[in-house]
Amino acid sequence: MKCLFSPNFMWMAAVVTSWVIIPAATDTSSAKSCSECHSNATCTVDGAATTCACQEGFTGDGLECVDLDECAVLGAHNCSATKSCVNTLGSYTCVCPEGFLLSSELGCEDVDECAEPGLSRCHALATCINGEGNYSCVCPAGYLGDGRHCECSPGSCGPGLDCVREGDALVCVDPCQVHRILDEYWRSTEYGSGYICDVSLGGWYRFVGQAGVRLPETCVPVLHCNTAAPMWLNGTHPSSDEGIVNRVACAHWSGDCCLWDAPIQVKACAGGYYVYNLTAPPECHLAYCTDPSSVEGTCEECRVDEDCKSDNGEWHCQCKQDFNVTDLSLLERRLECGVDDIKLSLSKCQLKSLGFEKVFMYLHDSQCSGFTERGDRDWMSVVTPARDGPCGTVMTRNETHATYSNTLYLADEIIIRDLNIRINFACSYPLDMKVSLKTSLQPMVSALNISMGGTGTFTVRMALFQSPAYTQPYQGSSVTLSTEAFLYVGTMLDGGDLSRFVLLMTNCYATPSSNATDPLKYFIIQDRCPRAADSTIQVEENGESPQGRFSVQMFRFAGNYDLVYLHCEVYLCDTVNEKCRPTCPETRFRSGSIIDQTRVLNLGPITRKGGQAAMSRAAPSSLGLLQVWLPLLLSATLTLMSP
């Protein structure tokens with residue numbers, strides 16, 4: 001029997017068993033002292049026991065704490081579907097996606113990148129179009145590109161403009177404003193021969209100096225203008241109303257006035273000068289010449305119906321032939337129906353073409369005479385206030401419009417023998433609140449002047465109207481109504497910059513006396529919002545335009561008061577820097593704000609008519625809201641009469 005263990009040979013079998021102990025995850029751990037707790041854990045000492053627990057937003061046993069990624073754990077965060085969860089150390093945040101901004105009231109609200117400069121990356125010439133969470137850029141007509149980069153293409157620009165390179169981009173420009181200068185004495189046709197070659201020219205140029213300011217229009221002898229084959233304009237120069245025209249420049253050599261030619265463009269500019277889009281000549285030595293008889297023009301800037309002409313070396317603006325008329329019926333009339341004035345203008349050039357060297361013009365009241373205006377053209381104008389009476393103006397009115405009529409008398413001498421020319425003209429205005437007050441004899445109205453620093457003085461008016469059309473104000477200093485009637489109150493703003501300011505009714509209330517500070521007040525509008533408890537109150541317009549409107553059913557104060565006075569505190573709201581349109585919740589609480597009596601309009605008295613039903617609340621008029629000061633009818637007629 002063999003021995004299992006031998007001193008010479010021995011097998012050893014060893015069995016090793018490994019144990020891995022994984023501690024169970026717990027929220028707390030016992031510790032000897034608080035110093036053993038993790039920096040993101042909380043230490044609790046209860047008698048002899050000390051425990052460590054991870055703070056909210058962390059996970060672990062208190063001795064070791066790691067950040068909990070709430071965004072990765074379902075239900076660990078409360079971000080809505082429209083927001084993105086972003087994990088932070090010990091917490092998380094809900095952020096809006098790109099193109100949205102977090103609002104405490106509306107959640108993720110779209111950012112209008114087009115509203116403010118710098119928010120979009122659109123090209124300066126492009127139009128920015130806002131979308132939900134994004135925006136797009138569109139190049140203007142005639143331009144190519146993705147909107148972030150826009151370039152014109154040859155022939156794509158409007159009349160009188162050309163596509164030229166400025167820096168790294170192609171843009172549409174007026175060559176009268178953007179060009180280079182050529183001031184070289186040797187370009188004169190009177191200068192002798194030379195070896196200049198305009199091979200480097202290209203683009204828009206203007207000739208200046210004593211050598212002449214424009215290309216000659218006739219063939220130039222060879223060996224002039226400091227070159228061998230002088231170049232001249234084969235054609236005539238355009239007038240300023242033709243814009244950019246195509247022409248050919250010819251080079252004279254070997255007995256041929258147009259042996260070589262080059263395409264060019266020409267434009268006549270206001271002020272009596274020309275600009276040329278020159279191209280390099282096809283050969284050398286060729287150079288562009290100038291006409292020395294065309295000295296530098298000294299016209300003041302001519303109008304669109306004038307050309308700068310030289311007469312015996314003197315430059316002045318002359319009427320263009322294109323604007324001449326031969327018949328009085330073709331005389332152009334410009335009628336402007338303004339807010340406060342009516343102006344009729346006649347073209348001075350056309351009057352001159354009809355033989356009016358001197359113009360005498362006046363209205364029904366001859367004290368209202370004509371005067372000269374220099375704008376885009378020279379005009380002879382007369383002005384009358386848009387009121388009944390001044391300058392002989394007559395006002396007529398129907399249910400929808402107020403019309404102001406007058407007659408212009410025209411003569412070319414102080415005395416009239418042969419012909420008396422009359423031009424009848426009229427402006428019609430839709431009846432809105434302002435026009436209605438202006439055309440009423442004694443409207444029930446209150447007025448207040450408000451001065452805004454740097455922007456002028458404004459006048460605010462408040463009036464009482466008979467219907468929801470707000471076109472028939474009550475007449476006189478008082479009115480009597482039953483409690484079944486409705487009060488239609490309109491406020492309106494005049495003067496100053498109406499494009500910037502709107503009228504805001506902050507507090508409107510009634511009192512039984514004319515005292516606006518009477519402690520007995522019934523608020524119709526308070527803190528910009530209508531009284532919610534009174535269902536008869538309707539605010540049609542407030543903080544949206546230069547006018548405000550509201551209505552309320554007539555009432556009387558308890559205590560046998562028969563008089564009602566209306567008071568409105570108004571505020572001029574700057575739409576550039578303020579939010580003007582009120583936002584009114586369904587439930588409102590009285591704020592007790594102090595009323596500024598310097599901004600209060602007062603109206604009344606309105607007397608209660610006992611027992612008798614006055615007008616009930618009318619249905620909305622078919623007129624709707626008429627836009628302020630929009631002239632719907634502009635008319636002018638021409639009548640020739642013998643004396």
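A Cβ is built for glycine as well, from the same backbone N, Cα and C atoms used for every other residue.
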Disulfide-linked residue for C85, taking Swiss-Prot as the record, within C71, C96: C71
Region 'Beta hairpin' according to Swiss-Prot, located in which of 20-41, 86-107, 152-173: 152-173
Range among 42-50, 60-68, 132-140, 600-608 that Swiss-Prot annotates as region 'External hydrophobic patch (EHP)': 600-608
C269 - recorded disulfide partner, Swiss-Prot, among C176, C349, C368: C176
Disulphide bridge to C114 as given by Swiss-Prot, partner from C108, C122, C128: C128
Member of C122, C258, C284 annotated by Swiss-Prot as disulfide partner of C197: C284
Shortest C-alpha distance to C71 (disulfide bond) - which of the recorded positions C65, N78, C337: N78
Distance check against C96 (disulfide bond) for the recorded positions C52, N78, C85, C137, C225, N398, keeping those with Cα within 10 Å: C85
Confidence summary (mean pLDDT) of the region 'D10C' (174-293): 92
C94, C108, C122, C137, C368, N398 screened against C128 (disulfide bond), Cα within 10 Å - retained recorded positions: C122, C137
Shortest C-alpha distance to C137 (disulfide bond) - which of the disulfide-bonded residues C54, C65, C108: C108
Which of C96, C427, all disulfide-bonded residues, has a Cβ with the fewest other Cβ atoms inside 10 Å: C96
Separation of alpha carbons, N40 (N-linked glycosylation site) and C54 (disulfide bond) (Å): 6
Candidate with sparsest Cβ neighbourhood (10 Å radius) among N277, N515, the listed glycosylation sites: N515
Sparsest-packed among the glycosylation sites, when each Cβ's other Cβ atoms within 10 Å are tallied, from N40, N134, N234, N324, N398: N398
